[in-house]
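A quick write-up on the structure given underneath.
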Amino acid sequence: MAEPPERDPFPEFRLDSDAGATFVLESKGKWWHAGFHLTTAIVGPTILTLPYAFRGLGWGLGFLCLTVLGCVTFYSYYLMSKVLEHCEKAGRRHIRFRELAADVLGSGWMFYFVIFIQTAINTGVGIGAILLAGECLKIMYENLSPNGSLKLYEFIEMVTVVMIVLSQLPSFHSLRHINFASLLLCLGYTFLMVGACINAGLSKNAPPRDYSLEPSGSSRVFSAFTSISIIAAIFGNGILPEIQATLAPPATGKMVKGLLMCYTVAFLTFYSAAVSGYWVFGNNSNSNILKSLMPDEGPSLAPTIVLGLAVVFVLLQLLAIGLVYSQVAYEIMEKQSADVKQGMFSKRNLIPRLILRSLYVIFCGFMAAMLPFFGDISGVVGAIGFIPLDFILPMLLYNMTYKPSRSTLTYWINLSIIIVFTGVGIMGSFSSIRKLVLDANKFKLFSSDVVD
């Protein structure tokens, strides 16, 4: 198990003997590479769940939550980048979230807390990526062979095999070209989906629109917090320090440029996907809006070529997302198993890498096949993972590092965000887990359908 960090006056020598840092988190990137990584981590097929999230909030509250969470996360990531730059200038360049938190807060337990949360995020996103990729394959298969016998778990097995191969790419930096393609793919399928939704909404087969919320007050509250957790998961990444670690030092100012690139793409995709999908389907929106466009009964609501191309784009980007969110797990494995003196591609390091990374991907694939709860997984991961790491800790780290006066607006903004999102995280965790438990009655192990 990873050991908590100790203050090291010569961190460059410590990193030279750290295989996780040297191999997985090698620092060679430009600011636009960080932008590609961030975009892949944040702007993914989870945006196809935005209409589903809106059905628990309605138009007004949906827009408000989407905007507020977007502004708060951008602000949060900016503050964390400033804290990382401050530590680097002080001679303590942190390349891992857990080390940054333990150093600034001066607590060994914080080191293990961040490892636990990041593991929950990485595993949850890895499961979700494989599950949704398998569902994409199933959608294409059912359209080509309506009476085919293949089940969802068999498509998940296919995706898992591909992910095992791709997982052998040795470093985070080596994903830069894949993540640039990922950026183009997310733009592609978003605008295909938006066009398909507009076409569906204007067609004679347009579904009836109902934007009403649940009649029960308590159910409405639970649904709202579940939706907020889903949106938090969509904006969250939980790996910003590891992404900033891929930048060639000094990192000053580079991460802000990467964030601006990422949020430009997010603005274009998030709002267009949420508005178009919820406008057409209202409170009947599926957790994957592409499934809403291809109802089980009745004709498809969009041209087959458009939907097919969108599904292919989603499938390809999911592979990149699975790779990005696996890097922290791979870095932890490599730090413990690899020998930096032997070289990245030596037999001594290649064999453990192959075995450990393959086992990790197989575990994610097995869980995806066994528990097909994509929409609910997003809510739980958002509540217990992304909200603490992306909405609470960055504000706390900034206040501890820069120590703004209590008379300043910055101090009170940060404190308010900490308090509000601590409450949101608690309520979101409760409501998301509640929905997960309720949905557990609707499925059987290795079901061939994803429960909404």
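Cβ atoms are placed via backbone N, Cα and C, with glycine included.
According to TrEMBL:
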type	residues	note
DOMAIN	28-429	domain 'Amino acid transporter transmembrane'
TRANSMEM	34-54	transmembrane segment
TRANSMEM	60-79	transmembrane segment
TRANSMEM	100-132	transmembrane segment
TRANSMEM	152-169	transmembrane segment
TRANSMEM	181-202	transmembrane segment
TRANSMEM	222-240	transmembrane segment
TRANSMEM	260-281	transmembrane segment
TRANSMEM	301-325	transmembrane segment
TRANSMEM	354-374	transmembrane segment
TRANSMEM	380-399	transmembrane segment
TRANSMEM	411-433	transmembrane segment
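Of the Cβ pairs linking the transmembrane segment (380-399) with the transmembrane segment (354-374) and spaced 6 or more residues apart, fewer than 3 are under 8 Å, so the two regions do not touch. The stretch with the most CB contacts under 8 Å to the transmembrane segment (152-169), chosen from 34-54, 60-79, 100-132, 222-240, 301-325, is 301-325.
Among 34-54, 60-79, 181-202, 34-54 has the largest number of CB pairs under 8 A with the transmembrane segment (100-132). 34-54 is the stretch from 34-54, 60-79, 301-325 with the greatest number of Cβ pairs below 8 Å to the transmembrane segment (222-240). Under 8 Å from some Cβ of the transmembrane segment (34-54) lie the Cβ atoms of residues 62, 66, 128-129, 132, 172, 175-176, 179-180, 182-183, 186, 189-190, 193, 227-228, 230-231, 233-237, 239-240, 243-244, 246-247, 254-255, 257-262, 265-266, 269-270, 273-274, 276-278, 281, 285-290, 292, 314, 317-318, 320-321, 324-325, 374-375, 378, 452, all in the same chain and six or more residues away from its ends. Here the transmembrane segment (181-202) has Cβ contacts under 8 Å with residues 36, 39-40, 43-45, 47-48, 265, 268-269, 272-273, 276-277, 279-280, 289-290, 293, 301-303, 306-307, 309-311, 313-314, 316-317, 320-321 of the same chain, all six or more residues outside its ends. Long-range Cβ contacts of the transmembrane segment (301-325) within its own chain (Cβ-Cβ under 8 Å, at least 6 residues beyond either end) map to 37, 40-41, 44-45, 48, 121-122, 125-126, 129-130, 132-133, 136-137, 139-140, 143, 159, 162-163, 166-167, 169, 172, 175, 178-179, 181-182, 185-186, 188-189, 192-193, 195-197, 199-200, 203, 205-207, 239, 280, 290, 292-295, 361, 364.
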